[in-house]
Structures are given as C-alpha cells and as structure tokens.
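A.B. asks: What follows is a single structure, and I will ask about it in a moment.
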Amino acid sequence: MNALAATSRNFKQAAKLLGLDSKLEKSLLIPFREIKVECTIPKDDGTLASFVGFRVQHDNARGPMKGGIRYHHEVDLDEVNALAQLMTWKTALANIPYGGAKGGIGCSPGELSISELERLTRVFTQKLHDCIGIHTDVPAPDMGTNSQTVAWILDEYSKFHVYSPAVVTGKPVDLGGSLGRDAATGRGVLFATEALLAEYGKSISDQRFVIQGFGNVGSWAARLINEAGGKVIAVSDVTGAVKSHNGLNIPKLLEHSMENRGVKGFSGGDALDPKSLLTEDCDVLIPAALGGVINRENADDIRAKFIIEAANHPTDPEADEILSKKGVLILPDIFANSGGVTVSYFEWVQNIQGFMWDEEKVNCELKTYMTRGFKDVKEMCKTYNCNLRMGAFTLGVNRVARATVLRGWGA
Ligand SMILES: NC(=O)C1=CN([C@@H]2O[C@H](COP(=O)(O)OP(=O)(O)OC[C@H]3O[C@@H](n4cnc5c(N)ncnc54)[C@H](OP(=O)(O)O)[C@@H]3O)[C@@H](O)[C@H]2O)C=CC1
Ligand SMILES: O=C(O)CCC(=O)C(=O)O
C-alpha cells in the first residue's frame, strides 16, 4: 500500500471513530495546495540536470503550515502528500499552532556535490518563495537535508522578501536556529519511549534497542538512549548494519560513521544483513529511516515487543494488524517523532520574540509537550477504546476538525 493510501486509511478510520460528518471528512482530506516545480541546474561538469520538486500544503486551519523538505530518489507527489497530511495531525496532536505541509525533491543527495545541492536548493526556493512565509508555510529539514539546506533557503528567500529567519526552522544556531533543535527529534523519541515503557513498569535502562537509520534522528536517538543506560544492540544505515549482543559503543560508532560516511566496517560489532535488522531479537525496535519498511512481508517475523516510530509512516496498515494480533505495541509516528516539529515551533517563537532560550529551557519544554502529548493520546485511547495509533489520529484529527468548524466556510 502506498504512503498516501495508508495515511488516508488511518485518517478515515479516525474520522469514523469520531463520527465526523462526511463532507467535513472530505474537506479535511483534500490538500489546501499542491505545488510541483521543475528545477534545472548546471552540474559541476557543465552538463544540465533536471529534477522535480514538490511542496504540498495540506491544511492551515490551526495556523501556518509546517513541515520538512526531503531530498530522496523516491520522493513523488503521493509521498509528499501523505507526509504533509501526517504533519497536519502531528502539529495538532502536539498542540502547537500550526497546520501541515511537506516538501521534497526527487534526487539522490549523496550523488550531488555541495555546490550542486546549493544550486538545486536555490532554484527550488526561487520557484517556491511566494508560497512560503512566517505566517503561511514554514519549511524545515527532513531526510537528506539539514541545517545548511534551510540556511540556503533562508538566504534565497531573502533576495525576494525582507530577511526573516522565522521563515524556516532547523537553521544553524548562528542564523537564529534554536539550541537543541538538532537533537530534538531523537530526544522526543527518548521521552516518548520513556512514557510508554513506564506504563508497563519498564525503563530505558532495562531494554535492548534496534535502530534502523543512523542519520539525524536515528543517531541522536541512539546517543540519548545509550546515555540513559539503554543497550543499543544493532543499527543500520544505507551502507550496512552492525550488531553486538553486549550493546554497541555508540560514541565510537558515531565517530566511525562520521569518518567513514556510514556504519559499515565498524570494528566494535559484527556485520549484519540490513534486511534482517528489523527482525532481530530485541525489546524495542526504532525505525528511523524510510516509510513502509514494516509491512506484510516481515511483520510476522518481528520479535520486538515495542515499536517506536521515529520515521514517518514506517508501518503499513496491513503490518499494523498483524503486529496488533501478536501483541506488539506501536507508538505511532505522529506522536513519537513530534519532538522535531515541537522544537521547530520553539525556534519560530524565539525568532519572532527576538529572544534566545538556553538549551535547558528548550529540552525542559520539550519534555512537557511530549509528556502531555502521551497523556492526551492515552485519554483518546480510553474514550474510543482504540490502539495508540487511533488514539493519536483521533486526537489530531479532532483538533483540526474543531478549528475548521469554528472558522466556518462563510463566503
Ligand atoms: N529530521 C527531523 O527532525 C525529523 C525526521 N523525521 C523522520 O525521521 C526519518 C529519518 O530522518 P532524518 O534522520 O532527518 O534523515 P537523515 O537523512 O538525517 O538520515 C536518514 C538515515 O536513514 C538511512 N537510510 C536511508 N535509507 C535506508 C535504508 N533503506 N535502510 C537503512 N537505513 C537507511 C540513511 O543512511 P545514509 O546516511 O547512509 O544515507 C541515514 O542514516 C524520516 O522518516 C523523517 O521523515 C521525523 C520527524 C522529524
Ligand atoms: O520541524 C519541522 O518543521 C518539520 C519536521 C518534520 O518534517 C516532521 O516532523 O516530519
């Protein structure tokens, strides 16, 4: 099932539980605006290369639309649409005053030089600048992009509009980025995992973790889990996978991965077939890379007791059903990875206030939001007698539906 079909299916199930009017349901599902642009750049060797870029602005009932920009060869309109929709429910669940959006370019960032990436980002921004803004749509990094990418967007945007750091979040701290944003999604994953485990009388330090993806989210999650006493027994990225039953030395793995551009070849563990990583014996599985990786092909073989969705839509609805029958608990993406957009919100607030918070305040506020989010999700699970995914979806969808109805459709 593709990402859009899966996300829309979850939305429709939540709308049914909430008893939403079918016309309201339809209006919530259709995106506010879909933008598709051609981006042609000269490569370093003088030849031309053309790419397609997207920005889907899904909903703005609760505030400016918000979401990252992804550079990956699999990016297409359906995927960006699904990710934008997830952002709408995620920002509502986190109770931050935003709607949802997502962007992306179908490209392989690893095959482009830094100057090619800069040109591509600038051309994309030239095509997009009139549709984004502090109070309309605020992009951020996602897979394949980082603080440098949004710094280029900010600079290019500023050639057409007044210099406004709050037009993007996830910026370098020197350009008004927030302390703690880099680690925020991984830190949010830690707080979310702690909250879930506590419900079962468990804690990070008595669990064994497997993490797919060792980029921004996966590596920060690994680092913070390791610091909290958790045993990270296997990790993968595009280059390969490594495992150690005694727990990987995460600081050393981070060093190795920086020096060698990946986890492959790490001497502090055994090489593992990346395909079998998800079905390794562990307590907690954290997918922190691509969507759709847990599906009907492998769901039955998953041995984790808890799945924390650090990635967006890593679990297909068919796998959801299989895992639920097996008694595996899944903490859904729109809650588990909401720490990133929550600290993006703090960054936007700091930029608008013109006042910088210290990192302790950022982390402390993040914990408050994540703890409250978990409590709110559990409350919905109780009200609608549903699992955590439907608890999260009903919470987000209900808040957006209420805002939509209150704003009305008057001409
Ligand atoms: N950044 C953020 O703040 C947020 C991100 N997310 C989600 O988290 C996920 C990861 O994003 P982020 O960490 O930012 O992205 P990054 O680009 O920083 O890292 C992605 C990681 O996934 C790895 N990867 C890619 N394909 C595969 C694969 N087939 N198997 C195993 N590993 C793979 C990459 O390997 P390599 O480096 O070798 O290419 C890299 O380690 C995405 O789903 C994203 O949407 C959600 C909320 C916020
Ligand atoms: O920080 C942001 O605004 C967006 C984060 C994001 O893209 C996500 O949560 O999937």
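Numbering starts at 1 and runs along the chain as displayed.
Including glycine, each Cβ sits where the backbone N, Cα and C put it.
Unlike curated entries, TrEMBL annotations are predicted automatically.
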A.B. asks: Going by TrEMBL, Lys90, Ser344 bind substrate; tell me which of Lys66, Lys325, Lys367 is listed for that site too.
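C.D. replies: The one candidate that TrEMBL places in that substrate site: Lys66.
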A.B. asks: Which has the fewest other CB atoms in a 10 Å radius around its CB: Thr185, Asn216, Ser344, the listed binding-site residues?
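C.D. replies: Among the binding-site residues Thr185, Asn216, Ser344, the sparsest Cβ neighbourhood within 10 Å belongs to Asn216.
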A.B. asks: List, in sequence order, those recorded positions among Lys102, Asp142, Thr185, Asn216 whose Cα sits within 10 Å of the Cα of Lys66 (substrate binding site).
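C.D. replies: If one measures from the Cα of Lys66 (substrate binding site), the recorded positions that come within 10 Å are Lys102.
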A.B. asks: From Asp142, Thr185, Asn216, which recorded positions have a C-beta atom under 6 Å away from some atom of ligand 2?
C.D. replies: Asp142
A.B. asks: Is any of Lys66, Asp142, Thr185 (recorded positions) within Cβ reach of ligand 1, i.e. under 6 A, and which?
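C.D. replies: Among Lys66, Asp142, Thr185, near ligand 1: Asp142, Thr185.
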